[in-house]
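Read through the structure below, which is laid out as structure tokens, and then see the notes.
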Amino acid sequence: MGDISKHNIFSLPEDILAKLELREEYSVEEKTDSANLSNQGDIVDSTQKNISSCVNCQIDNLHTLDERKSHIKSDWHRFNTKRKITKLPPVSQDEFESIIEDLPESLSGSESETNSESEEDNFQIEKAFKQSLNIGKVDSADENNNQRTNSPLTWFQLSNASAEVPTYIGVYKHMFSGNNHITKDLLVQQQNHNRQKPLQLAMFMVGGGHFAAMIASNEFNPRDPHVPKVLAQKTIHRYTTRRKQGGSQGAADNTKGNIHSAGSGLRRYNEQALIKDIQQVFKDWGKLLETCDLIFVRAIGSSNRSIFFSQPGALISPKDPKLRVFPFTTKRATHSELLRCYKELVTPKISHVDSISIKAQEEERKRQAEIEKEIRQSRLQEEERKKKKLAKYTEVIISNLKASNIEAFLEYLRSNDLSINFQFYPKNVHLHTSTPLHYAVTQKNAKLVAKLLRNGADPAMLNGNGKTPFEISTGNKEVKDEFLIARHELGESFFDWEAAKVGAPQSREQIQKQRQKAKTKLENQRRDKERQEELRRKEAMQKIEEQSKRDYDKLHGEGHSLGINNVRKVDELQSLSPEMRMRIEREKRAAAAMKRMQTK
């Protein structure tokens, strides 16, 4: 087995090729335990713990220690770790790339691996994680499907009668034309063809302002068959990602519109410059690309994919049969990463697992999946019951408060072990009145507010709009006064009155004096107004009587009146209030009646 690791998949020895037998059930269902996969050919006991798999991501193709370290530092692994903490199922790499489609540019950085834990990357993982919470639950049919059903590997068994545990050799389908069905004949045919004309590959990666490209030949290298002959290579880096916020400037512009700043302008310029630089690489490598047998591209996100497939005169078509994606986790777009990916693609994978262990472990996976499914369903049912119970609590509490039945309210809290600061549910319905104290304030019930405060209702609690009860009591002076009185009587240490935005403390006597003073002031103002109205009434009556006398004299004396005095009289009446005019009219009618009686 040690000899196999010294070759790549296109330079396997003839004696090894002769002993290979395609394992259909192995390659289709991918039942291998990758704890036993090794590029070095070390035989591992099938009972040992699976150290080459990742439980968080549910993969088991981590063949070496370096690959395991690399995977642990990858954004995909960190993302699934966050999901596991919150009891959510992991996502596949394709799902992860779909989630971060509009965010991914900032997930790629420099070649330094220490940068993978940078503040920008952490922010992006957090952003992608929050976005993933909007993804619906996986249906049961999908849960039953093993994510390795469409495995990128095809497995061959190495027939060896003397071996107690069978040996399997895996090759990536992506390295063959028509990669859906790889046979032994195709593997032998490809090896013969590779000797005559070495396989030529083009590899491209772009993301986060980083671009790496390489055209390599699988020409035999006697020193290391896993190292290609590099025909051309290019790396480019441009500042295009938004620090802290994350994502590309173009994605931000599409969402929020153009932002005018020095940094945004520079990023827009660099995005266009990066596209031009990549197009120039394609133009310079045009003839080499035509001779390539396979083209591997990693371009996550619509903006990155458009660089390869949507630009004028694009040399790569999305329907090109030579086009491939990398069938494993990749890191930042650097030349060393391209070399690592090449080595991963051409290195045969070796597994020492017996069929009994495979079936047992597969059954264990299915059993664990069923258990996890039951746990998720149970958790959902429990959450639904909890929501209904909270809604019922809210309904009863509001009913008691509305009736000002504080005793029934407190008894209900005690019997159901609820806090007096109980948060009403659902929160989106009770944004303004989130707690009993908020509700009592909106009901303008000062007595209820006073009782709630003295029973421990916290005035510093915020409602759904971020307001304290005191802040929403601005329309009722009596309710506001109860907060000031409570602050005085309960003391400064009873609640955080400053956080509650409650004003300076005042005693009930002070409040009553203020109310009495205000009441006296209003009463005095009312009396002053009545005195002024009475004075105006008397003056108006006097003027009317005098005018009536003059009118009578003129009516029975010389000449006839032109009615000017009547106009003046009407004007004077118009200046009075409606009540005063009515009183004057009644008195005028009474005076006229008396005069008629005297003349008879």
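Using the three backbone atoms N, Cα and C, a Cβ is placed for every residue, glycine included.
Checking S27, S38, S261 against Swiss-Prot for the annotation phosphoserine singles out S38. Record note: among 239-263, 364-388, 239-263 is the stretch given as region 'Disordered' by Swiss-Prot.
On the 0 to 100 pLDDT scale, the repeat 'ANK 1' (432-461) averages 92 in this prediction.
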